[in-house]
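In what follows, a single structure is set out as structure tokens and then discussed.
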Amino acid sequence: TRSLSITSVEQPMVEKAQGDKVTLPCTFVLSEEDEGPLDIEWVLIPADNQKKEQIIIMYAVDRIYNHYYAAMTGRMQFTNPDPRSGDGSLDILNLKAADTGTYQCKVKKAPGVQSQKIQLTVLVKPARTKCSIEGSQEIGKDVTLKCASQEGSPLLSYDWRRVSGRQELPATSTLNKNTGELLLKNASQDYSGTYHCVASNRVGTDECSVELNVTPPINTAGIIAGAIIGTLLGLSVLAFLVFCCCKKHREKKYEKEVHHDIREDVPPPKSRSSTARSYIGSNRSSLGSMSPSNMEGYTKTPYSQVPSEDFERPPGQNPTFAPSKVAAPNLSRMGAVPVMIPAQSKDGSIV
């Protein structure tokens, strides 16, 4: 007597890349003796035995139930929309690294019951691979070419090749496939060129390139001397600019002080009244010292030309001239004609 059996080829392990689609096979054949309702379940067996199995999708009583596992909602489906045909395979779309695990297909049709397990491993392809150069690119120096992928599931393997000039790698090169480092010892100008790195694992590859340019040693003494001379020139120019700015600032400050300075040693201008008094006093002194021989010419000078005070005096306060301290000479003894001395009247005019 035949009973229900699973006919799909057993695949204990399946490897797929992240983002790809996988089909977990589960085909079966029913027996005439299996008269009960058909029941198909896909479950995820946890790595921890203490945890319960998680139902992913189920077919029962001619209906599909796919809302049990939220992490795969919208990303899983039966390969055949009608599993009664004998195909209960499961499709998982847009695979993620978290989908890695052990899946089990269970087919029930009383009294027959069969199951099959599949280990799914979701690998991440190498991505964001970068190439770099470490060390001095001078003749005779050791230089290391580095290659590393920032994403990718282990085990990652790296391989270097030369794509310009001579295709083969230099004879002194040493490659570490696990770390991606290519060591070039005692580099020469023949080592210059473009180098290409390929990072790979079981599900994909990624690439990057780098340009190596081996040059003669740099004249460090000349560079240092040039740097010192340039620094001294720069300091000289800076000092000159500072000196000019300070000098200009002092000149502006001096001009400002001179412009606002009030000189105290300059006497104030004399008023007209003091000028008039000085003029009259000097004339009196001259009259007192003159001899009869020169009195004749002096008496002809009009007294109206003597300057007078420009300010008004209140009535009753007209000043009077003090008598001259110089004694008048005895003109009668000299035989000369007496001279009239001018005097000031009450209204301020000279008579």
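Just so you know, glycine gets a Cβ as well, placed from its N, Cα and C.
Curation plays no part in TrEMBL annotations; they are all automatic predictions.
Since we're looking at a predicted model, the values are computed, not measured.
Feature annotations, reproduced from TrEMBL:
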{"type": "DOMAIN", "residues": "4-121", "note": "domain 'Ig-like'"}
{"type": "DOMAIN", "residues": "126-215", "note": "domain 'Ig-like'"}
{"type": "TRANSMEM", "residues": "223-246", "note": "transmembrane segment"}
{"type": "COMPBIAS", "residues": "257-267", "note": "compositional bias 'Basic and acidic residues'"}
{"type": "REGION", "residues": "257-327", "note": "region 'Disordered'"}
{"type": "COMPBIAS", "residues": "271-307", "note": "compositional bias 'Polar residues'"}
Cβ-Cβ under 8 Å with the transmembrane segment (223-246): same-chain residues at least 6 beyond its ends:
none
Between 0 and 100, where does the mean pLDDT of the domain 'Ig-like' (126-215) sit?
94
Per DSSP, how many helix, strand and coil residues does the domain 'Ig-like' (4-121) have?
9 helix, 57 strand, 52 coil
Secondary structure composition of the domain 'Ig-like' (126-215) [DSSP: H/G/I, E/B, coil]:
3 helix, 51 strand, 36 coil
